[in-house]
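A.B. asks: Take a look at this one; I'll ask things after.
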């Protein structure tokens, strides 16, 4: 499979890509390890071979780029190659990133990490608990893919209305 061609990202797409980057920027240094970036591409549903991923990474870094880390501009270059118009596909990719242990659901700890990383202000444990209860429609203590899709769609609709 050839690497997809880059396209211009819209403001919302850039914001979403940067939220994902921020999750992997563990030390808030505006960099993420290349090894994590490769994992991010895989978790986001990409089926590139190791060679294709390395070619994309090399292109994103540029000729004098850091071989161990990737910055936000490089990450946005990568995002422009895989971002899709299809909302459900986009939501599913985000779910896979947030489902850190890959068990098909987002548990409280994963949800707490997300909510405290992507929000403008970190949420308290009580606020995270309340948000989890709201998102966990069937009350089984985890957020599955349909619940996550509903949560994201509700959030997008609320943002459009405000």
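Each Cβ is built from the backbone N, Cα and C atoms, and glycine gets one as well.
According to Swiss-Prot, the record shows the following:
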- 99, 101, 103, 110: Ca(2+) 1 binding site (BINDING)
- 136, 138, 140, 147: Ca(2+) 2 binding site (BINDING)
- 12-47: domain 'EF-hand 1' (DOMAIN)
- 49-84: domain 'EF-hand 2' (DOMAIN)
- 86-121: domain 'EF-hand 3' (DOMAIN)
- 123-158: domain 'EF-hand 4' (DOMAIN)
- 2: N-acetylalanine (MOD_RES)
- 96: N6,N6,N6-trimethyllysine (MOD_RES)
- 117: N6,N6,N6-trimethyllysine (MOD_RES)
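Locate each feature and note its surroundings.
C.D. replies: Spatially close to residue 103 (Ca(2+) 1 binding site) yet at least six residues away along the chain is no residue at all, judged by Cβ distances under 8 angstroms.
Under the DSSP three-state reduction, residue 138 (Ca(2+) 2 binding site) is assigned to coil, being neither helix nor strand. Around the Cβ of residue 138 (Ca(2+) 2 binding site), 10 further Cβ atoms fall within 10 Å across all displayed protein chains.
Averaged across the domain 'EF-hand 1' (12-47), pLDDT in this predicted model comes to 77.
Using a Cβ-Cβ cut-off under 8 Å and counting only residues 6 or more beyond its ends in the same chain, the domain 'EF-hand 3' (86-121) has close neighbours at 16, 19-20, 22-23, 40, 43-45, 127-129, 131-132, 135, 141-145, 148-149, 152-153, 156.
For residue 96 (N6,N6,N6-trimethyllysine), other Cβ atoms within 10 Å of its Cβ number 17. Look at residue 96 (N6,N6,N6-trimethyllysine): DSSP puts it in a helix.
On its own chain, residue 117 (N6,N6,N6-trimethyllysine) has 19, 22, 23 as residues at least 6 apart in sequence with a Cβ closer than 8 Å to its own Cβ. DSSP assigns residue 117 (N6,N6,N6-trimethyllysine) to a helical segment in the three-state reduction.
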A.B. asks: With an 8 Å cut-off on Cβ distance to the 99, 101, 103, 110 Cβ center, who else from the chain surrounds the Ca(2+) 1 site?
C.D. replies: 98, 100, 102, 104, 105, 106, 107
A.B. asks: Could you state the CA-to-CA distance between residue 99 (Ca(2+) 1 binding site) and residue 138 (Ca(2+) 2 binding site) to the nearest Å?
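C.D. replies: On Cα coordinates alone, these residues lie 18 Å apart.
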A.B. asks: Do me a favour and check the Cα-Cα span between residue 110 (Ca(2+) 1 binding site) and residue 138 (Ca(2+) 2 binding site); whole Å is fine.
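C.D. replies: The Cα atom of residue 110 (Ca(2+) 1 binding site) is 18 Å away from the Cα atom of residue 138 (Ca(2+) 2 binding site).
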